[in-house]
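Written out below as structure tokens is the structure these notes cover.
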């Protein structure tokens, strides 16, 4: 068993009930007012920022060395929208407040930036310019808290529990240190720490409206510590997310994969932003934040709305191809421009870019997609590799249990499943089981068939895209598990064969011990007494003939008793009638002895019914004799027929039919019927008893002649 990791506080049962309308009351009017009121304020701030940017000359923005405010505020709207949805559906989930609050702060930061640029173009600057500068350059650093808070609280709105709780608090404190310091330290210290002078146009405003009189000897060291501490503070939330991704199951795992997709999309967008500088890169970063908010909303409210694993694979493929295509295009265009100089124009660059895309992008798309699907879904796309890998594992495995473990590991690797269980029924009863991974709370069961019969089942997780099997996957699983069943059955049969051999040797030795005991304890003393009586009679023959005659008669009786014991021993080994009369004759003799004259008996035998192995012959005789005894004791039949027939030279079929009262429905099988079934099973055959609707009883035993097992 795998050791269970300490809890990380990922129970989202309560949150799921809160966000699902089916689990609670409809959102109240006050809740809707708070949710959509926060979104409206955020949207108004973004719209106001866009209006200010539109009426502000571009020269004023360049003079202030500032970016466009509405681009800064746009991700705030993208965060506020899912935040409003979550506030309406799950107001107790802290993630909703993080999204809504971060969105509002982001939009306010964009509005402050737009107002700052617009205000400083006037002389004197318009009111609020100083506060806007402080908000953008100082208080805006509180946006750093949004990411670690989101990572730690997602998806249930609670901080991780157990050993993660103090680490989470410490990471938030280290991240918050920088915004707090930037908010209160004097501006000249913050500007000196940044290392870049303020634009001249900003020198006309009070850049220090809110600050504490901290000495430079204290403030600068604190800032030097706070910057790396803020970066390190994000590592704990990231590690927490990784731990939850590894341990999450079912719906929680699907929610966490939405967050994984958001991180992947952000990385790709940021990579694109590095390749495309300027306001376009700012828009790309805003898009990354918007994607994160959307992913969080889907992960909490509708985690099944989109096939997240397929979305992950597609993002990896097209993201890598896109970034690779841009890098390759830049390299090719730069190289062509260096070689051709002024002769290489914009039209030539466009044509060359299209050629590069056609030559590189299209051929790489298919193999890259297969690679990503293998990463997400496993090796199910390559059935030959799966089957050959399983065959190699089975060759290295000894015994049925190791083979089932190899099958479970092969299926888990091929389908990238966190859990696989294999259960196969043994031939002699009982089950062989093997498990790979930790069993989830909900699992789906697939039948394992061998020679047309279900002999076990395969257990897989019920949730997750890797557990969603299409027809092709089910066929591959059937082929893989069929090999497993055959291998497990073969190993089980081999083990049972070895056990049978050991039991056979043990039974033979026990039988020899019994014969020795019977001969030594029974026949030996009798023969010894006979010898003594004969010797005594010889000594008394002349003097006391009457006494000698009496001793000889006693010796005769002892010899007769010894002969009876010998007959009993021989009969236990093999009925003598089989050697004297053959199988059909012995059964006929037994039938007449048990049933005549009360019941008319007929015994029918085929021409090859006597040419049988000794074990089959003895079993057939014993089964027929027991069946005839049951007819005599219970059936009250007027006629009985016994048939002995070879079936396709592979089995002897013994059929005993009577017209008696039959067997009452639901009556338990007696000792005699159980004995009949056991005798047939010893040879790999079977015995059945039926009661036809018109009365009577039909007993049918099939005994394999060639050792291959009974067949219909």
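Keep in mind that glycine also has a Cβ here, set from the backbone N, Cα and C atoms.
Just so you know, TrEMBL annotations are computer predictions that nobody has curated.
Taken from TrEMBL as is:
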REGION    1-28  region 'Disordered'
TRANSMEM  33-55  transmembrane segment
TRANSMEM  67-87  transmembrane segment
TRANSMEM  94-115  transmembrane segment
TRANSMEM  135-154  transmembrane segment
TRANSMEM  166-185  transmembrane segment
TRANSMEM  225-246  transmembrane segment
TRANSMEM  258-276  transmembrane segment
TRANSMEM  282-301  transmembrane segment
TRANSMEM  313-337  transmembrane segment
DOMAIN    615-707  domain 'Histidine kinase/HSP90-like ATPase'
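For the domain 'Histidine kinase/HSP90-like ATPase' (615-707), the model gives a mean pLDDT of 86. Ranking 33-55, 94-115, 135-154, 282-301 by CB pairs under 8 A with the transmembrane segment (67-87) puts 94-115 at the top.
Looking at 33-55, 135-154, 225-246, 282-301, the range that has the most CB pairs within less than 8 A of the transmembrane segment (94-115) turns out to be 33-55. Residue counts for the domain 'Histidine kinase/HSP90-like ATPase' (615-707) under DSSP, helix first, then strand, then coil, are 33 helix, 30 strand, 30 coil. Tertiary proximity for the transmembrane segment (225-246) is limited to same-chain residues at least six positions away from its ends with a CB under 8 Å from its CB atoms, namely 5, 8, 10, 144, 147-148, 151-152, 154, 160, 164, 167-168, 170-175, 177-178, 181, 252-253, 256-257, 259-260. Remote same-chain partners of the transmembrane segment (135-154), defined as residues 6 or more beyond its termini with a Cβ less than 8 Å from a stretch Cβ, comprise 94-95, 98-99, 102, 105-106, 108-109, 112-113, 116, 160, 168, 171-172, 175-176, 178-179, 182-183, 187, 190, 207, 210, 230, 233-234, 236-238, 240-241, 255, 259, 292, 296, 299-300.
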